[in-house]
Amino acid sequence: MIHHLKRSIIILGKEQASYPVFLHIRNATTTVDKLYEDHIPTNFIQKSFLSVGSALTSITDPRRHDAIAVLGETTGYYALKNIYNQMLKDSEGGKIIADKPRINSKTVDINKLAAMPHDSLGHSYWQFLSVNEVTPDSRLPVRFVDNQELAYVMQRYREVHDLFHTILGMPTNMLGEVAVKWIEATQTGLPMCISGALFGPLRFRPKQRATYINKLLPWTLRTCRNAKPLMTIYFERRWDQNIQDLRNELNIETPPKI
Amino acid sequence: MKGCLKQNLLNMLKINLNLGSFLNSQIVRRVSNTSSLFHTPKIMGNWSAVPSYKGNNLFIKSLQNQSENYCSSTQKTLDSEQTHFGYETVSKEEKTERVHSVFENVAEKYDLMNDVMSGGIHRLWKDYFVDRLHPTVNIKLLDVAGGTGDITFRVLQYIRNELGETSNYPVDESSKLLNYEKDIYSDDKVKEEDRKKCKVTVCDLSESMLSVGRERALTLGYNEDIDWVCGNAQELPFPDDTFDAYTIAYGMRNVADIPKALSEAYRVLKPGGRFMCLEFSLVENSLIRSVYDLYSFQLIPVMGQIIAADWDSYQYLVESIRKFPDQETYKLMIEEAGFRNVLYENLTFGVTAIHSGFKI
């Protein structure tokens with residue numbers, strides 16, 4: 001029985017991938033069954049092809065958001081596990097795992113956010129969405145994660161990315177994205193974030209590089225060191241919280257203007 | 001004593017394993033009853049049945065050559081109103097709609113994906129197919145499901161070669177030099193008139209594929225008369241007895257009602273006309289088939305995801321190949337539509353087959 005339990009996480013009675021599937025050579029061509037809607041079961045060989053191919057595609061054509069998404073899903077197994085465990089240990093994170101809330105236009109009332117006080121989290125998020133002309137629906141569903149809980153963690157990561165931008169006060173240009181990637185990389189450990197943080201600055205023009213080195217990077221690195229984990233924050237219960245209070249709570253300094 | 005100990009240990013193990021699976025099932029029942037402890041609304045979609053983690057080892061499956069991957073006759077196990085969409089069973093109207101949406105999605109990257117998936121071999125197959133068709137100079141050809149124009153352009157090139165024209169760009173009538181040459185060589189005048197008689201009509205269900213085809217015609221320099229028509233192979237918008245030849249390359253497996261498409265083909269062909277079909281078919285050799293299956297199911301959808309951001313369309317592609325009738329069954333279906341002298345030829349061990357019949 002113990003052997004059986006060690007082999008797999010039994011989550012509500014369903015067996016899911018828990019140990020690295022590639023440890024046994026025979027498992028390189030084995031897939032799990034379909035676990036959730038949009039799930040595409042893939043084996044190790046397919047995942048390695050997908051990660052290499054999508055990495056090349058995302059470097060050569062950064063507009064391919066689906067390639068970046070696939071890269072994150074296929075390489076993120078260990079990181080997602082760590083985030084999941086971290087969330088379970090935290091009380092607020094545990095509530096997120098239990099409720100599994102989603103952020104899309106059906107679950108979040110944008111108009112209600114607009115009506116909130118000016119310096120609240122909700123209003124700032126609404127401002128961010130309207131200024132950058134994005135909707136919370138623009139995130140692709142998770143397809144290649146072979147574990148229902150970890151797939152939710154990945155989906156949550158994608159959906160709160162815009163909220164990270166809002167809290168950190170970073171715009172959606174190259175500089176802002178790299179800063180958010182740094183903080184996500186240190187907090188989540190996702191390989192896709194790490195490579196984004198390291199290789200993103202290679203595309204900077206000289207002026208951007210100057211701003212990056214002089215103003216942005218010091219603040220970013222201090223935030224990486226000091227900030228509390230952002231994935232464990234239950235944003236849906238904090239829409240009316242003052243954004244400066246939230247930043248103080250999370251040890252985030254006032255962001256530089258870029 | 002030793003034997004007894006071993007026996008005891010074995011028994012304990014068995015009990016533990018049984019207990020493990022028993023307790024496992026108890027956990028399932030208990031948790032599903034307590035809704036408060038782990039309240040997880042079904043946000044992630046439908047819960048599937050409890051999966052078995054022995055998993056689906058496609059490598060082993062392909063070696064065992066499971067016959068569920070193939071069926072020799074698609075029509076026997078279905079209602080008359082149902083057909084296959086890959087491994088799913090759907091109604092015929094639904095299949096046509098879903099095929100239409102698949103091709104709307106893949107049209108932009110269609111040619112690139114063909115090259116990547118087949119390593120460029122599809123060009124050789126199509127060259128051979130047109131060679132087998134042996135189009136005459138004044139042919140009236142209907143190319144069904146010929147969206148991006150691969151067969152059409154090859155036919156036009158074949159005719160140009162027959163006429164001795166080496167360049168891709170047609171003769172410029174206003175050029176004096178060429179007019180002078182035309183006067184000297186009166187044979188060319190006759191050929192020029194013949195070439196104007198040649199007419200190719202491309203019919204496809206998907207408007208996106210046709211627009212890609214039109215662009216390619218411009219860039220490749222095929223300014224001849226090509227009619228690009230949007231239509232359904234099951235209900236061709238053409239009168240009876242119109243065409244000398246009917247070709248359909250890699251389109252028949254996407255048709256919901258194959259006998260209907262075949263009888264439409266019979267209808268629009270002139271008496272003496274030729275029906276030619278290029279389609280993926282059954283690989284006889286089981287070793288090669290297992291390699292082919294492995295490649296198809298493992299790699300093609302992955303390439304579709306990376307290049308075209310569309311796993312599902314290419315999963316449909318490889319499944320629809322398995323669901324298409326094999327060479328003999330398809331030959332019988334063509335004969336049933338009224339064609340005679342029906343022959344087939346395998347290319348690349350049966351990966352592709354050319355079927356040909358005459359309306360006589």
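Using N, Cα and C of the backbone, Cβ positions are placed for all residues, glycine too.
Residues B:D204, B:N232, B:A233 are recorded by TrEMBL as S-adenosyl-L-methionine binders, and the candidate that the same record lists for that site, out of B:T136, B:T148, B:T247, is B:T148. Checking the binding-site residues B:T148, B:D204, B:N232, B:A233 against chain A with a Cβ-Cβ cut-off of under 8 Å leaves no residue at all. The Cβ of B:N232 (S-adenosyl-L-methionine binding site) lies under 8 Å from the Cβ of B:T96, B:L205, each of which sits 6+ residues away along the same chain.
According to its DSSP assignment, B:N232 (S-adenosyl-L-methionine binding site) is in a strand.
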